[in-house]
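K.L.:
So Swiss-Prot lists the following for this protein:
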CARBOHYD  Asn102  N-linked glycosylation site
CARBOHYD  Asn126  N-linked glycosylation site
CARBOHYD  Asn136  N-linked glycosylation site
CARBOHYD  Asn156  N-linked glycosylation site
CARBOHYD  Asn269  N-linked glycosylation site
CARBOHYD  Asn289  N-linked glycosylation site
CARBOHYD  Asn312  N-linked glycosylation site
CARBOHYD  Asn420  N-linked glycosylation site
LIPID     Gly441  GPI-anchor amidated glycine
REGION    397-430  region 'Disordered'
SIGNAL    1-17  signal peptide
Amino acid sequence: MQFLFTFIFLLIPLVYSLPAASPKSGTDFDFNQEIETFVEQAFNQDDPSQAAAAAASFEEFLVNVFNYDQADGQVDGQVLKVFEKRDANTEQTIEGILKAVNNSGVIWTLLDSVADDPSRIEYIGNLTSSFLKNYNITLNIADLLSESSSLTENLNITGLLSAVENSGLITSLLDGILLDENFRPRLVDLIDRLVLSQKNVLLYIFAGVLSKRDLMADGELVNVLLKRATSNDDSYSGSLGSFLNNAASTVLSSSLVSNAVADVLNALNDTGFLVYATKRFLSSDSYINMTVALVNDIVSSSSVTIDTSGLNITELISGTLGNPKEIAALVGSLLSGDSSQTSQLSNYLGRYSGALSQILQDLEKKGLFAELNSYIFGDSTTKASATATATATATSSANGKNVANNNNKDAATSGSATSNSSTSTNTKSASNGAGAVIYTGSNTQTTFLKALTILFGGALLFL
């Protein structure tokens with residue numbers, strides 16, 4: 001469940017991060033017309049050679065994967081057995097499809113047509129919310145994280161993780177994101193924005209969990225992070241969720257899915273498609289803003305109920321942090337280059353230790369830790385009232401950031417993506433001691449803040 005847990009901690013700050021670029025306004029969005037226009041432009045039906053090539057490719061796909069009989073135009077009835085006995089041709093077919101889709105630019109053309117127009121984003125958000133609202137979907141976070149849930153009991157997590165590891169996809173993704181020095185400024189900028197959007201969460205950790213004070217109850221914190229819906233009037237409430245849960249357990253535990261996952265993962269790794277797509281997506285503020293807007297619309301519409309009643313925030317944080325002093329010491333040693341103190345950490349991080357050290361140093365140059373230190377612990381000239389609460393400090397100082405829209409999306413694949421902000425030291429206006437409920441006049445917590453940056457804003461680095 002490490003992947004799910006990491007995804008939750010990444011999604012929450014992403015949703016609550018302020019948009020960094022303003023998409024241009026457009027006209028009313030006619031979904032059907034847009035799809036027709038898009039298909040006509042992307043696939044030129046007047047070109048016989050292109051049509052013939054597309055037909056041949058599709059027929060080859062049917063023959064190799066579905067055992068398609070061209071004579072009678074039927075698919076063999078033993079489709080599932082064919083899937084389970086697939087050979088290397090299937091993986092090659094998937095690779096060919098990925099390359100064809102990527103080279104056509106279909107994905108990015110479609111994303112651009114939506115991301116650059118607020119009315120289209122709103123339309124898709126409303127359409128999705130209306131569809132989901134009819135099914136009364138409830139996500140129980142505690143149940144998903146529990147090893148005893150019906151989904152995790154039937155799901156072969158070990159097999160899926162093994163398939164991911166054997167494909168080499170995670171290594172390729174980490175190499176492409178962390179070791180690309182041209183992409184690193186963009187990564188630093190994203191981490192900076194995500195962490196600043198979660199200043200109140202950090203305040204809760206320091207002033208509530210680590211200080212053993214009840215600054216904010218777990219339920220109150222969750223209400224700040226996620227908007228919960230309370231509509232349970234339907235007597236059949238949860239029936240669809242139970243069905244989908246059981247169906248997903250059955251499907252995901254089958255050898256059919258395991259084989260398919262392995263082929264797809266290998267194809268994604270061999271083609272480099274995922275690394276390219278991830279870097280290109282992260283290089284565009286308009287894509288990020290679109291994602292934030294869509295998730296906000298869905299969550300705010302209460303079409304999906306997120307149940308966190310069984311989630312013990314304090315226990316999760318305490319278990320994640322372990323020994324705070326030890327973490328702070330390791331991060332401090334990593335920054336100072338003291339190899340005698342960080343040999344074990346360096347061995348664990350391997351070739352990424354240098355990249356992580358540089359990321360932390362760049363974040364320090366941007367003034368991230370100084371701002372967090374001032375916001376949470378106060379400075380030597382300011383002492384905050386002990387009655388301040390995390391909810392009273394909801395306004396993030398990230399409002400002062402101006403990040404230009406990155407139009408060069410293709411730079412990601414060539415390793416030439418550029419940062420939207422300089423890594424030179426920036427002067428940021430922080431509410432000195434605004435959240436310093438417990439600590440005042442201390443700069444000794446800076447290394448600990450850097451550690452928390454990795455745990456929360458930088459969780460992507462450890463996927």
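We count from 1, first residue shown onward.
The backbone N, Cα and C atoms fix where each Cβ goes, glycine too.
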K.L.:
Say you check the Cα of Asn136 (N-linked glycosylation site) against those of the glycosylation sites Asn102, Asn126, Asn269, Asn289; which is nearest?
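P.N.:
Result for Asn136 (N-linked glycosylation site): the nearest of the glycosylation sites is Asn126.
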K.L.:
Would you pick out, from the glycosylation sites Asn102, Asn126, Asn269, the residue whose Cβ has the largest number of other Cβ atoms within 10 Å?
P.N.:
Asn269
K.L.:
What does DSSP assign Asn136 (N-linked glycosylation site), in three states?
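P.N.:
Asn136 (N-linked glycosylation site) sits in coil per DSSP, no helix or strand.
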K.L.:
Quick one: Cα separation, Asn289 (N-linked glycosylation site) versus Asn269 (N-linked glycosylation site), in Å?
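P.N.:
Counting only the Cα atoms, the answer is 27 Å.
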K.L.:
Between Asn126 (N-linked glycosylation site) and Asn102 (N-linked glycosylation site), find the distance joining the two CA atoms and give it rounded to the nearest Å.
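P.N.:
Computed Cα spacing between Asn126 (N-linked glycosylation site) and Asn102 (N-linked glycosylation site) is 29 Å.
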K.L.:
Report, in whole Å, the straight Cα-to-Cα distance of Asn102 (N-linked glycosylation site) from Asn269 (N-linked glycosylation site).
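P.N.:
Cα-Cα distance, Asn269 (N-linked glycosylation site) to Asn102 (N-linked glycosylation site): 14 Å.
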